[in-house]
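Colleague: This is the structure I want to talk about, given as structure tokens.
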Amino acid sequence: MTTPLEGYVGIDTLTEQIRKKALRQGFEFNVMVVGSAGLGKSTLVNTIFKSKVSRRQPEEDYHTPSTVEIKTISHVIEEKGILLKLSVTDTPGFGDQVDNTNCWQPIMRHVNEQYEKYLNEEISIKRRKRIPDTRVHCCIYFIPPSGHSLRLVDIEVMKRLVEIVNVIPVIAKSDSLTLEERERFKATIQQQLIEHNIRVYPDLENLDVDDETERQRNLKLKERLPFAIVGSSTTHQVGSKAVLGRKAGWGVIEVENDAHCEFNHLRNMIIRTNLQDLKEVTAQVHYELYRHRRLETLKKVPLDSVGSTPSSPSYDITNSEPNHKKVANTPKLGETGKAIAASQKEVVEALSESKI
Amino acid sequence: EAAGDYNGSVDEGMRTLNLSGHVGFDSLPDQLVNKATNQGFCFNILCIGETGLGKSTLMNTLFNTNFENEPQHHNMPGVKLKANTYELQESNVRLKLTIVDSVGFGDQINKEESFKPVVEYINQQFENYLQEELKICRSLFSYHDTRIHACLYFISPTGHGLKSLDLKTMKNLDNKVNIIPVIAKADIVSKGELHKFKIKIMNELVTNGVQIYQFPTDDETVAEVNASMNTHLPFAVVGSTEEIKLGNKMVKARQYPWGTVQVENENHCDFVKLREMLVRVNMEDLREKTHTKHYELYRRSKLTEMGFIDDNDGGKNFSLQEVYESKRNDHLNELQRKEDEMRQMFVLRVKDKEGELKKSEKELHDKFDKLKKMHMEEKKKLEEKKKSLQDEITGFEKKRQQAETL
């Protein structure tokens, strides 16, 4: 029930005030890329952000790390007066070992470590005005373009990652697939994701149901997943234009051409439409879940196993809460209330017993 | 704060990169604003001032609406805080506005304790937020924030300076809330006196170390206007919801025989300045300062008072929630225990009273029996007496008859 205003007050200037504040403070965004070596992770990040954010490993020096490493590099980029602190976490060595059992553990440990850091700061007595946010907002998972189906390791890793972070799967180096092969591949992958209950981003249950346009847009995006992408930082001449692309003997694959690949969709989703949402889902859903588990157990749980096994008891928390945002609060005074009611009953009984 | 400098850590290897094309994150502010707008906003104002200073009228004038508050009378036994929440909307911005009024402030003979309910109220809102923040299962993002973002302190237009009640109250509030002092019913004070009055007030505030809210000057787009407004504090305000026709317009004004005071005329009073600062320029900053400065201070001292310290190991603080909860449970158990005690005492007293009543009932019965017995005996005696009298009468009659027949 709104109280009617009889004239202009100026409440609507709040949006402008918030915008100004945001511009002053700047933004931050943390991306993680997960995939085997040579799938074009660094190139993709560089293509999205149109700058040398990641340094590609030169082929001569390349050596397979003996374990999965986690490497984070941060940069500040600026566009039209807006400052963005971008951190990219790479995972060299992932999926490259002979035995890839538990290759997800270092990744999960890294994600959980960031939550842990944030939680530590949040819980301190003396805490900073703005808690530095190193939590991973978005994890891009690179699927090799086999054309068949997800590999076992893909399923195992994604299954665990979606529990703790926003995962966006992409088909890497998709220029090796024809359009029909690509569609078939996607259909198989989508089916496998449903089969294994792997909830990739955007997860419609975490969405604000209020905004219908946003909901529609996210539904469409979801249907397109995983995005078939091609990355490149080199430009070539096509006709009269200079385009970003890969030159092959049979033509130029244009990165930003929707007929060639789905790079634009990925880029638009991550940067132009869903960046804020990615951050909010991380903060309000994944982080809260982590915090909940952490405070509840209060024991030192090994950080790489939190939420790792689908059958572990902590998993039940995920299953029983379909919408994390709306988790009900246990009324702490319910007990006292009941006790008061009971005692009142007692007194009444005592009085009635002793009726003269 | 630019994105690059955080209080504390500056990452190594962080350099500014040049973009070779349009990336598109210039839509970020829009994304942020959209999300915030969808969620709606909260703003809470506390009005402190003596009864009759026009607090309610000013709120009505400020927000162009009639907030339905009956004028309070002057004989309140103590200070009470009354909060009312209203849903306002302007274009796509929804605002949950809570106006808290200090009822009975300054009406008592002894005003030593007047500020205390106000401090308690402010602390209680901080406490509620803190408890929500510390919950294991929390919904901080949909929490209705009731913390006071702005405290309008209404100064009586005496023209002489601050009253000691004013100083005492503001001194107790300045580290808990953003104080914006206003001179109420400023149409009483003449222009010349007003200037002196303002200077006197500001001097007294400075001398007594009262920290009032300063409009921020770190954003260059508003720094100038904010800095200028800071020099006009305290704002001399006049409120009115009545409209008078001036020329061909209807304006909010107060009409006197000697002239008309127009509320929105900056030559007549500072109402426009107040509205500009409070609503149109600094509302967001007021909210932010409440959260990052006043609330943090409360939180820090509350937690320290409860015995928590920052253990750099990090391990100890995880039990923050647990210990806080257990202390709270202790408190609740204590209350429960007291309640049980009271209940038991009550039952005992009832039984005692019952016993007493039974005793006196018995006594009454005994008395009654005794009386009855006495009554019976009396009756018997009387009967006997009656009988003996009757016998006497009969005897006498007999004798008379005998005497008559002789």
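Cβ coordinates are placed from backbone N, Cα and C, and glycine is handled just like the others.
Taken from TrEMBL, the feature GTP 2 binding site applies to B:G52, B:K55, B:S56, B:T57, B:K185, B:D187, B:G239, B:R254. As annotated by TrEMBL, GTP 1 binding site applies to B:G52, B:G54, B:K55, B:S56, B:T57, B:Q72, B:D187, B:G239, B:R254, B:Y256. Per TrEMBL, the feature GDP binding site maps to B:H160, B:I188, B:E193. The domain 'Septin-type G' annotation in TrEMBL covers B:39-305. The region 'Disordered' annotation in TrEMBL covers B:375-406.
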Colleague: Note the Cβ centroid of B:H160, B:I188, B:E193, the recorded GDP site, then list each other residue of that chain whose Cβ lies within 8 Å of it, in sequence.
Modeller: B:P157, B:T158, B:G159, B:V189, B:S190, B:L194, B:F197
Colleague: Around B:H160 (GDP binding site), how many other CB atoms lie within 10 A of its CB?
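Modeller: A count of 12.
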Colleague: Within a 10 Å radius of its Cβ, which of these binding-site residues (B:G52, B:G239) has the fewest neighbouring Cβ atoms?
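Modeller: So among B:G52, B:G239, the binding-site residues given, the one with the fewest Cβ atoms within 10 Å is B:G52.
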Colleague: Find the one among the binding-site residues B:H160, B:I188, B:E193 whose C-alpha lies closest to that of B:S56 (GTP 2 binding site).
Modeller: B:I188
Colleague: How does the region 'Disordered' (B:375-406) divide up by DSSP, counting helix, then strand, then coil residues?
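Modeller: Final tally across the stretch: 31 helix, 0 strand, 1 coil.
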Colleague: Please tell me which one of the binding-site residues listed here (B:H160, B:I188, B:E193) sits closest to B:K55 (GTP 2 binding site), measuring Cα to Cα?
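Modeller: With Cα distances computed to B:K55 (GTP 2 binding site), the winner among B:H160, B:I188, B:E193 is B:I188.
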Colleague: Please state whether DSSP places B:H160 (GDP binding site) in a helix, a strand or coil.
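Modeller: Looking at the DSSP assignment, B:H160 (GDP binding site) belongs to neither helix nor strand, so coil.
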Colleague: For B:D187 (GTP 2 binding site), list the number of other Cβ atoms lying within 10 Å of its Cβ atom.
Modeller: 18
Colleague: Could you measure the widest C-alpha to C-alpha distance across B:H160, B:I188, B:E193, the residues recorded as binding GDP, and give it to a whole number of angstrom?
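Modeller: Largest pairwise Cα separation, rounded: 13 Å.
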Colleague: Same chain only, sequence gap of 6 or more: which residues have a CB within under 8 Å of the CB of B:K185 (GTP 2 binding site)?
Modeller: B:L53, B:G54, B:P157, B:V238
Colleague: Taking DSSP as the reference, which of helix, strand or coil describes B:R254 (GTP 2 binding site)?
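Modeller: The three-state answer is strand.
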Colleague: Around B:I188 (GDP binding site), how many other C-beta atoms are within 10 angstroms of its C-beta?
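Modeller: By my count, 15.
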Colleague: Give the three-state DSSP assignment (helix, strand or coil) for B:K55 (GTP 2 binding site).
Modeller: helix
